[in-house]
Amino acid sequence: MVAVFDFGGQYAHLIARRVRELGAKSELVSPDISKKDLKKLSPQVLILSGGPASAYDKNAPKLDKQIYTLGIPILGICYGHQLMAYQLDGKVSSHSRKQFGKEFLKIEKSPLFEGLKNPQIVWFSHGDQVEKLPDGFEIIGSTKSAKIAAMQNLKKNFYGIQFHAEVSHTPDGQKILSNFLFKIAKAKKDWNLKKVRENLVKSLQQSIGTQKVLMALSGGVDSTVAATLLKEAIGSNLHLVFIDSGLLRKYDIADLRNVVKTVGFKNLKIVNAQGIFLNSLKGVIDPEEKRKIIAKLYFSLLEEHAKKIGNIQFLGQGTIYPDRIESAQTSKHADKIKSHHNVTLPKGLKLKIVEPLSDFYKDEVRLLGKILKIPDQFLNRHPFPGPGLGIRILGEVTEERLNILREADEIFISELKSSGIYNKVGQSLAALLPIKSVGVMGDSRTYSYIIALRSVDTTDFMTADWSKIPHEILEKISSRIINEVRGVNRVLYDITQKPPATIEYE
Ligand code: XMP
């Protein structure tokens, strides 16, 4: 097992995910764990993640120093690299020249960099630096502004890298992790999703027994896969509900009916709640407030429905790992980014929560879906957030804005599908900006809304690059939106990476 110490950076979880992708079992552990408790987990490998703290701060999360004496190979990444240097008596300081984004790393001969070109493109995201090596270490990588960007202690099998090998912006990052895991630390390749599926179904059967579960379907990948697992585990004790909040796209309900028919779900009820949501969102512009209102209403409708069915003990949720990360539920050291719909449960909720996918990342969920024989057309669907178009309309949500956005979104998505691009990109969306700009149509001046289109390439949804959609296709989409959607006179294409931007606009 590979123990990934979670220092609260968003990327801690991504490391665990990457390790599993390479075929080794990984688990997140809290930095507060003692040497004794860690030994009980019998890890073969330790990885210290990045995190927002500074190693030299009094309150920064630290490692039990005894852990360095266990004789287990360690890789420190970003904060983990700095912490290892600091705790082994090197020196770390804040640097005047901050490094964020792409850097060129000049590498030295090291088992960590075996088979790699020199220099390497790597991704930095931290203000601190290792200034003095700890005893027994040597430099194996430097950049223009960070002399000790990578270090090793060959005797102890300790390695530290200042950059994030786990993000897709470091193109050879997986190779570096693989070198560390399998060549240096001799980790076992024994993580396999088929086994995981069997264990999941068994553990769902054990925890639910003969009780009833109510699960909200959305037609999206996560809730479909979660519900299919529950269906396998408890059969007709699974009850499904779909809440039509009115914040849906044009095709969502048709897609849902299609999934239900194909997967063979029974006991589905569609609750029409369009008016209630729109009323509650009147005048609300703050994105976090919108999220909270939507989530509260959503869960109260679910509870109401559960009462109607009677004797429901569990609420099934399609929550996946990144949802929990971004709501800072997985680590006390993380900064909260947003209140994710699935995890913002109302206080006093009477139902117990069952979340079969809460330890998995999106691409793992898709693989599980394949193993469960869910057709590709459903598994390849782009994610659609719980609060729906409510967070794709910036500012106040109104009927007029919803209608405009629905039309624009349908044109965008259907053009991506017909040009074969949809399945090649990670997620595409249209957002309505609540400002108007001047245009000219025919001979008249217009003063209308702006639609932003965003399409990203990503597999983990925690980092993303904007999709390089051919200009002629963008042109066709833009011209169709301007000509066919009343109330829009300008279309923008978003060319921001995540980070620093998120995928949704909110
Ligand atoms: P961001 O905007 O944080 O989004 O880069 C990352 C991924 O999460 C999706 N997302 C959500 N999914 N409930 C969900 O089920 C939510 O509240 C939610 N908010 C964002 C988003 O669409 C993207 O795929």
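Using the three backbone atoms N, Cα and C, a Cβ is placed for every residue, glycine included.
DSSP assigns Cys78 (active site, nucleophile) to coil in the three-state reduction, placing it in neither a helix nor a strand. If you look up TrEMBL, you'll see Cys78 marked as active site, nucleophile.
Annotated active site per TrEMBL: His164 (among others), in sequence order. Around His164 (active site), the same-chain residues at least 6 positions away in sequence with a Cβ under 8 Å from its Cβ are Tyr11, Gly50, Ile77, Cys78, Val122, Trp123, Phe124, Ser125, Thr170, Gly173. DSSP assigns His164 (active site) to coil, not to a helix or a strand.
Using a 10 Å Cβ-Cβ cutoff, Glu166 (active site) registers 32 neighbours. According to TrEMBL, the active site annotation covers Glu166 (among others).
Here TrEMBL flags 191-381 as domain 'GMPS ATP-PPase'.
The annotation ATP binding site is assigned in TrEMBL to Ser218, Gly219, Gly220, Val221, Asp222, Ser223, Thr224. The 10 Å shell around the Cβ of Thr224 (ATP binding site) contains 26 further Cβ atoms across the protein chains shown.
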Alpha-carbon spacing, Asp222 (ATP binding site) to Glu166 (active site), which is rounded to whole Å: 23
Nearest recorded site to Glu166 (active site) by CA-CA distance, among binding-site residues Gly219, Gly220, Val221, Thr224: Val221
Going by C-beta under 8 A and a gap of 6 or more residues, the same-chain neighbours of Gly219 (ATP binding site) are Phe242, Asp252, Ile253, Asp255, Leu256, Val259, Arg381, Phe384
Restricting attention to the domain 'GMPS ATP-PPase' (191-381), give the mean pLDDT. 88
What does DSSP assign Val221 (ATP binding site), in three states? helix
